[in-house]
Amino acid sequence: MLGFAQLFASRLVKALAILIAIVVMNFFLVHAAPGDPAMVMAGEAGAADEKFVAQLREQFGLNRPLYEQLATYVGKIAQGDLGFSYRQQRPVWSILAERLPATLILTLTAFALALAAGVALGTLAAITVGTWADSAITVVALLAYATPIYWIGLMMSLLFSIQLGWLPAFGYETIGAGYTGLAHAADVAQHLVLPVVTLALFYMAGYARLTRASMLEVRGQDFVKTAKAKGLTPTRVVTRHILRNAILPVITVAGIQAGQLVGGSILIETVFAWPGIGRLAFEAVLQRDYQVLLGIFLVTSVMVILFNILTDILYGLVDPRIQAAR
Amino acid sequence: MNANSSWVFWRAFARNKGAVLGLVILAGVLTLALFASVFFPGDPWDMATAPFQPPLSDGAPLGSDMLGRDIAAGIAHGARVSLLIGLTSTAAALAIGVTLGALAGFHGGWVDDAIMRFTELFQTIPNFVLAVVLVAIFTPSLTTIVAAIAIVSWPPLARLARGEFMSLRNREFVQAAITTGQSNSSIILRQILPNSLSPIIVSASLMVATAILLESSLSFLGLGDPNAMSWGYMIGAARTVIRQAWWMSFFPGLAIILTVLALNLVGEGLNDALNPKLARSRG
């Protein structure tokens with residue numbers, strides 16, 4: 001287990017370095033925003049008289065040298081202070097914390113679905129290579145790659161909730177229904193179906209193509225011939241020998257794409273009015289609430305880093321050799 | 001490229017039927033973009049007919065939107081914006097990515113380390129979120145959108161160029177150029193770059209597709225250039241009335257799918273023609 005702990009520690013150090021770089025970038029973005037930050041803040045608070053602006057400059061240390069301001073900023077972030085939204089008259093962190101669970105449910109479920117369904121479909125395509133099932137999966141993957149996810153979302157809600165009435169089109173729960181316990185969970189799950197499927201579809205297509213290609217490559221290797229020669233059943237050869245090796249590049253790519261998945265939630269949450277960070281980003285864009293927007297940038301970056309660590313753990317579980325090799 | 005080798009190239013490209021189909025669709029989109037003001041004279045933002053006209057009605061073959069603007073005219077004029085942004089932002093991403101990748105791969109050592117750390121940082125950042133933040137802060141315009149898309153899409157190109165440069169750097173012809181005393185910049189530009197071009201061209205063609213999707217997503221969120229009609233904007237604006245008027249968001253979406261699909265198919269065809277070895281292993 002020592003190897004794994006070491007790998008984990010080195011990943012954490014790397015994650016921390018990336019995090020610091022992002023915080024610094026955030027700081028410069030605040031300063032790059034058109035107009036003096038104090039003026040922007042005053043504008044957001046709805047008052048722009050000279051005295052208030054001067055007071056803000058003093059309060060936020062905007063008249064001090066840049067490096068000093070940077071140090072103060074980093075210090076504040078380290079204490080969990082992401083700034084103050086004058087639009088909403090609340091600290092940015094408390095706004096984000098309220099929205100975070102909904103986004104985590106959405107992205108984690110979509111990630112798991114995309115990976116599981118993608119690998120399953122890719123395996124199916126690889127073992128039926130050259131037949132209609134294989135071609136169908138390839139065509140669907142090609143289409144899913146070319147379709148904007150927000151458009152898929154709109155069309156899904158048009159079909160499944162407006163035309164067929166099977167699923168709710170928007171929101172997190174039925175408002176005013178007052179469900180508790182299991183009934184509440186079932187209600188949320190119903191609302192979750194369309195956003196999750198839409199978000200997962202694009203990545204599922206990618207993982208299916210990758211799994212197919214990877215399995216076709218592994219299939220011809222010597223250890224697979226040995227396994228067959230030993231007289232193992234075809235199912236066992238596919239699951240224990242081919243898939244277990246073929247899945248490794250899929251997990252790597254899934255880790256790299258985690259960032260896109262989190263970014264995609266902005267579009268999905270906007271389409272389905274899902275009350276998470278993504279929907280908040282859309283609202284912040286409309287209101288030009290830069291403090292909240294930059295807070296979202298930081299929090300989503302942290303989410304990506306956590307996703308990456310998650311895929312590293314997954315990788316270690318699937319391929320125990322990794323502990324010895326690194 | 002002489003006549004004979006371009007014939008060989010075309011034969012390899014045309015063997016992929018999908019790629020030829022992609023090329024045909026792309027030619028159609030390009031014609032639509034070039035002659036948008038001939039097919040649909042007048043401003044696409046102007047009211048052309050009554051609001052909420054369904055498809056196949058008078059003066060609006062694909063219907064009209066909430067303000068009576070012609071959907072078909074919007075799609076034709078939107079094709080310009082999509083292609084323009086797709087091409088320019090890819091060119092900008094190429095400039096950043098290939099330069100950094102070439103420097104990292106050619107010099108190696110600490111230069112490589114530093115550039116790769118920087119690339120990794122940009123690969124970790126959720127790129128769509130960064131694009132949204134950049135465009136929102138620097139106010140939406142064609143320039144900021146192109147810059148934002150380029151800033152978030154260069155890392156894969158840098159990695160690719162680095163790999164190519166690293167492997168080519170140790171080949172005999174490069175070593176020979178070093179021995180004859182050519183300068184680093186001349187070796188990079190005249191010896192290695194022309195030889196690493198084919199995988200870069202393939203990735204760039206696929207990146208145009210991604211850039212078009214990114215642009216449409218930004219304008220869907222209301223972060224498009226307020227003076228340029230675009231497909232994403234049309235879908236975003238019609239989102240709230242989808243219950244009454246499906247056509248307003250359906251057709252612009254179809255335009256995006258066709259264009260992006262065509263670019264992806266052409267990219268795969270180029271891949272088959274330029275990297276025959278890679279094409280086989282992709283299965």
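For all residues, glycine too, the Cβ spot is worked out from N, Cα and C.
TrEMBL entries are annotated by machine, without manual review.
A quick note: this is a predicted structure, and the numbers were derived from the prediction, not measured.
Features as listed in TrEMBL:
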DOMAIN    A:100-315  domain 'ABC transmembrane type-1'
TRANSMEM  A:12-33  transmembrane segment
TRANSMEM  A:104-127  transmembrane segment
TRANSMEM  A:139-162  transmembrane segment
TRANSMEM  A:192-210  transmembrane segment
TRANSMEM  A:246-272  transmembrane segment
TRANSMEM  A:292-318  transmembrane segment
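Most Cβ pairs within less than 8 Å of the transmembrane segment (A:246-272), among stretches A:12-33, A:104-127, A:139-162, A:292-318, belong to A:292-318. Here the transmembrane segment (A:292-318) sits apart from the transmembrane segment (A:139-162); fewer than 3 CB pairs are under 8 Å, leaving out pairs fewer than 6 apart in sequence. Within the chain carrying the transmembrane segment (A:139-162), a Cβ under 8 angstroms from the stretch's Cβ atoms is held by residues 168-170, 194-195, 197-199, 201-202, 204-206, 208-209, 264, 267-268, 270-272, all 6 or more beyond its ends. Within the chain carrying the transmembrane segment (A:192-210), a Cβ under 8 angstroms from the stretch's Cβ atoms is held by residues 105-107, 109-111, 113-115, 117-119, 121-122, 125, 137-138, 140-145, 147, 149, 152-153, 156-157, 160-161, 167-169, 249-250, 253-254, 257, 260-261, 264-265, 268-269, 271-272, 274, all 6 or more beyond its ends.
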